[in-house]
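Undergrad: Sequence annotations record features per position, and here TrEMBL assigns domain 'Lactate/malate dehydrogenase N-terminal' to 39-178. Residues or ranges marked as NAD(+) binding site by TrEMBL: Gly45, Ala46, Gly47, Asn48, Val49, Gly50, Asp70, Asn131, Val154, Ser155, Asn156. Residues annotated as domain 'Lactate/malate dehydrogenase C-terminal' in TrEMBL: 181-346. Annotated active site, proton acceptor per TrEMBL: His211, in sequence order.
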Amino acid sequence: MKKASSLCELGFDANGASSGFFRPVSDDATPTSHRRRLTKVSVIGAGNVGMAIAQTILTRDLADEIALVDALPDKLRGEMLDLQHAAAFLPRTRLVSDTDISITRGSDLAIVTAGARQIPGETRLNLLQRNVSLFRKIVPALAEHSPDAILLIVSNPVDILTYVAWKLSGFPVSRVIGSGTNLDSSRFRFLLAEHLDVNAQDVQAYMVGEHGDSSVAIWSTVSVAGMPVLRSLQESHSSFDEEALESIRRAVVNSAYEVISLKGYTSWAIGYSVANLVSSILRDQRRIHPVSVLATGFHGIADDHEVFLSLPARLGRGGVLGVADMELTEEEARRLRQSAKTLWENSQLLGL
């Protein structure tokens, strides 16, 4: 018998299939159109990260339809079927998949996780060039099929690829967002929360700049219940000097590498992080997230440098609704500008 995901594909006629179960409520039984606008999210890349994102979006009931796209048809179909078979335990969400990106047509939000993996001995620039070539195929097609969508880039190096997506899509800058340091900030908050014995949700702390080695921990604004944390820690623990703060920053930056070395990849945390962004965007929550946005003119970054890096941004149904102009110390601003310089120099090598 033919393998299929629905009774229709097995040859059963679907026309009027529900008529034996439900009696019309009036003589005029013509179904009315659904009045609520349905929400469609597409995930491009069905690897570990893409599927963790799709699964979290599904369980949090953030979309009416999820479209999955990947270059490997068998794996893609297997992932879709695996989620579809949980339908009895989940909110009603339509799941579709295809290797053809046209399946994303009409998306409200398109999440790109697809990307080449680094080959041993390969330089970061060579990896970047391969991912740019991939984005040249993906992004214009996404823009064509969903011209009103918001693009959320997760593929690494995320800041530069967000810049690439912006250039290739032709979308306004408010509708091209990188996942940036949203997850880095969660890792930062987790470490502080463990030390202070509080819930991580009650810790206000940001990592900004590059999602990578040059990211900046903004210690000057870390707080719990409105109380500045750094001053309290330095008053109660003489060990919290500049060297200790840098050690904590490095621990945050290296935490992903630790997970990768232990299990081979990261997935769950980025899945929750991106679903958190999806919720803020599609539900128009106006929440503040450190995500990769066009940072030109912020904190002394040159006006002619079209560089994307993470800053606290207000997210809603229109995408980026505003970017917070944080009060930074001179040292924090200097480090942020250095992070921007690193990203700008890499971006210039792409010739976009």
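Yeah, the Cβs are placed from backbone N, Cα and C, and that goes for glycine too.
In TrEMBL, annotation is done automatically, which means it is predicted and not curated.
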Undergrad: Hey, how far is Val49 (NAD(+) binding site) from His211 (active site, proton acceptor), Cα to Cα, in Å?
TA: 16
Undergrad: Please report the distance from the Cα of Gly47 (NAD(+) binding site) to the Cα of the residue listed as 'active site, proton acceptor', rounded to the nearest angstrom.
TA: 20
Undergrad: What's the number of neighbouring CB atoms sitting within 10 A of the CB on Gly47 (NAD(+) binding site)?
TA: 17
Undergrad: Among the recorded positions Gly45, Asp70, Val154, His211, which residue has the largest number of other Cβ atoms within 10 Å of its own Cβ?
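TA: That would be His211, with the highest Cβ count within 10 Å.
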Undergrad: Let me know the largest Cα to Cα distance in Å among the NAD(+)-binding residues Gly45, Ala46, Gly47, Asn48, Val49, Gly50, Asp70, Asn131, Val154, Ser155, Asn156, as an integer.
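TA: Roughly 17 Å, rounded to the nearest whole number.
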Undergrad: Report the DSSP secondary-structure composition of the domain 'Lactate/malate dehydrogenase N-terminal' (39-178) as helix, strand and coil residue counts.
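TA: Going by DSSP assignments, the domain 'Lactate/malate dehydrogenase N-terminal' (39-178) contains 68 helix, 26 strand, 46 coil.
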Undergrad: Checking your reading of the structure: which of the binding-site residues Gly45, Asp70, Asn156 lie inside a 10 Å Cα sphere centred on His211 (active site, proton acceptor)?
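TA: The binding-site residues close to His211 (active site, proton acceptor) (Cα within 10 Å), listed in sequence order, are Asn156.
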Undergrad: Would you mind ranking the binding-site residues Val49, Asn156 by how many other Cβ atoms sit within 10 Å of each Cβ and giving me the lowest?
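TA: Counting other Cβ atoms within 10 Å of each of the binding-site residues Val49, Asn156 gives the minimum at Asn156.
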Undergrad: Looking only at the domain 'Lactate/malate dehydrogenase C-terminal' (181-346), report the model's average pLDDT.
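TA: So the average pLDDT across the domain 'Lactate/malate dehydrogenase C-terminal' (181-346) works out to 89.
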